[in-house]
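Trainee: Here it is: the structure, laid out below.
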Amino acid sequence: MNSANKGLMIGALGVLIFAMTLPMTRLAVGPLEAPQLPPAFVTAGRAAGAGLLSVVYLWAVGAARPRGAQWGLLGVSALGTVLGFPLGLALALRQVPSMHAAVITGLLPLATAAIAALALRQRASLGFWVCAVLGCALVLAFAAFEGGGALVAADGWLLMAMLCASGGYVAGARLTAQMPAEQVISWVLVMSLPLTLPAAAWSAPASFASVQAASWGAFAYVTLFSMWLGFFAWYRGLALGGALRVSQVQLIQPFLSLLLAVPVLGEALKPSTLGFSVAVIAVVFVGKRMPVGR
């Protein structure tokens, strides 16, 4: 198997891991009527657990310490991928089904490209920005449709999570040109430990007696896979197969999240949800092919 195809397969594995994040987070926090682990604990706990694993990994590979401006980029990435995205996701998924979240966050690839264009001062084409605006309009229309004509608080949390993830991904991508990609997410998690460890202890519930085993299993998944190993597979796939080719696999992530929510959570896939998901993915597909110059 050549490097391009190997990268495509590894990248697809990363996308599958990330697609499970939505239903697993919903399973970990539980719905409002049957809450499980607190959203703040899931956010801090998953990052703290992955951070401790990262300490062992960085020591085992003899990784060099970041230097100079790298710390600033690591900090930005941490705010987005360790704090903002997981917290927004956990708070939202306490209130709405994971299928709802899958449609909203389906705009993530286009949002990341837009933030990258702004942060790197790239001159994006008019067609790109038209797709970005159209994608936002579709997401807001879906949120209003699901909310009976109005947006709900969970939609705000999901939009915040998406913007945080986009900013964190852009900062992390800039660092991958300076250090191995696996070390980027590991250093991000390690530098967050002084915050995530005490936050996990502070946000832990007084008693875990009512927490179901399935919720603990979901928490373990988002800690080991969503927060850590998923990035290993994704970044490695991009490096082997080329970012342009492999990144297109991310377009199927919302579909996978929708499909996985059926067996994992027992959610019903409504025609409107599937329709909006297809529309968002189509806009992202077109938008990612619009020119973005330097």
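Backbone N, Cα and C define each Cβ position, glycine as well.
According to TrEMBL, the record shows the following:
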- 6-137: domain 'EamA' (DOMAIN)
- 7-28: transmembrane segment (TRANSMEM)
- 40-59: transmembrane segment (TRANSMEM)
- 71-93: transmembrane segment (TRANSMEM)
- 99-119: transmembrane segment (TRANSMEM)
- 126-145: transmembrane segment (TRANSMEM)
- 155-285: domain 'EamA' (DOMAIN)
- 157-177: transmembrane segment (TRANSMEM)
- 184-204: transmembrane segment (TRANSMEM)
- 216-235: transmembrane segment (TRANSMEM)
Trainee: Counting only pairs 6 or more apart in sequence, are there at least 3 Cβ pairs under 8 Å between the transmembrane segment (40-59) and the transmembrane segment (157-177)?
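Mentor: Judged by the Cβ rule, the two regions do not touch, with the required three close pairs absent.
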Trainee: Counting CB pairs under 8 Å, which listed stretch among 7-28, 71-93, 99-119, 157-177 touches the transmembrane segment (216-235) the most?
Mentor: 7-28
Trainee: Residues of the same chain, at least six outside the transmembrane segment (71-93), with any C-beta under 8 angstroms of its C-beta?
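Mentor: Distal contacts: 21-22, 25-26, 28-29, 39-40, 42-43, 46-47, 101, 105, 154-155, 157-158, 160-169, 171-172, 174-175, 184-185, 187-189, 191-192, 195-196, 222, 227.
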Trainee: Cβ under 8 Å to the transmembrane segment (7-28), counting only same-chain residues 6 or more beyond its ends: which ones?
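Mentor: Beyond its ends, the transmembrane segment (7-28) has Cβ neighbours at 1, 36-37, 42, 86, 89-90, 93, 97-98, 101-102, 105, 214-215, 217-219, 221-222, 225-226, 229-242, 245-247, 249-250, 252-254, 256-257, 260-261, 264-265.
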Trainee: How many of the residues that make up the domain 'EamA' (6-137) does DSSP mark as helix, as strand and as coil?
Mentor: 103 helix, 2 strand, 27 coil
Trainee: Count up the helix, strand and coil residues in the domain 'EamA' (155-285) according to DSSP, in that order.
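Mentor: In the domain 'EamA' (155-285), the DSSP-based counts are 111 helix, 0 strand, 20 coil.
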Trainee: Can you work out which residues elsewhere in the same chain, 6+ from the ends of the transmembrane segment (184-204), have a Cβ less than 8 Å from its Cβ atoms?
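Mentor: Residues 38, 40-41, 43-45, 47-48, 50-52, 54-55, 57-58, 63, 66, 71, 74-75, 77-78, 81-83, 172, 175-176, 227-228, 231-232, 235.
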